[in-house]
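Features reported for this protein in Swiss-Prot:
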BINDING   Cys99, His141, His145  Fe cation binding site
ACT_SITE  Glu142  active site
Amino acid sequence: MIRRLEYYGSPILRKKSSPIAEITDEIRNLVSDMCDTMEAHRGVGLAAPQVGKNVSLFVMCVDRETEDGELIFSESPRVFINPVLSDPSETPIIGKEGCLSIPGLRGEVFRPQKITVTAMDLNGKIFTEHLEGFTARIIMHETDHLNGVLYIDLMEEPKDPKKFKASLEKIKRRYNTHLSKEELVS
């Protein structure tokens, strides 16, 4: 089932997600719905807060990146429950990022080239992976969502900050019609 996305201005995008203690049918259904939602919106990753759930979980459809930068997509989306990042490489690189919760905008963000992630899969098995390049960037971006951080908090100053801010306000008003003005946050 495709779920409604939460957009910039929704308070859940600014909250730290709760760890998942047990993999229940509710969590399995959430993962299935998140995969459907990510695919419907043509995303490469999606965190639970982006579909209104404050739990530490994200899905991703990229398996890895080749040496020449080609993305290898997974047969089925990959699940990361309670992810923990470690061992970031020292030299950051800049790359463009976008977000399904901030449609139409992109920004340049410095992130480590390499990262290690330890998480649990949908079967409850703990795994550790060493990732680099765009795949590592996706992992860091989605993990940021679980901590209430958006890429716009980390990005380099946009070329036209006033126009960028106006675009954010437009997203806040256009996509959050289910929220009252008092509920909206930046």
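Quick reminder: no glycine exception, Cβ is built from N, Cα and C everywhere.
Positions of Swiss-Prot features highlighted on the structure.
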residue: Cys99; record: Fe cation binding site; Cβ contacts under 8 Å, 6 or more apart: Leu105, His141, Leu150, Tyr151
residue: Glu142; record: active site; Cβ contacts under 8 Å, 6 or more apart: Gly45, Leu46, Ala47, Phe58, Met60, Phe80, Pro83
residue: His145; record: Fe cation binding site; Cβ contacts under 8 Å, 6 or more apart: Leu13, Ser17, Ala47, Pro49, Gln50, Phe58, Ser101
Problem set entry | Extra residues within 8 Å (Cβ to Cβ centroid of Cys99, His141, His145), Fe cation | Gly45, Ala47, Gln50, Glu97, Ser101, Glu142, Asp144, Leu150, Tyr151
Exercise. Within 10 angstroms of the C-beta of His141 (Fe cation binding site), what count of other C-beta atoms is obtained when all protein chains are considered?
Worked result: 24
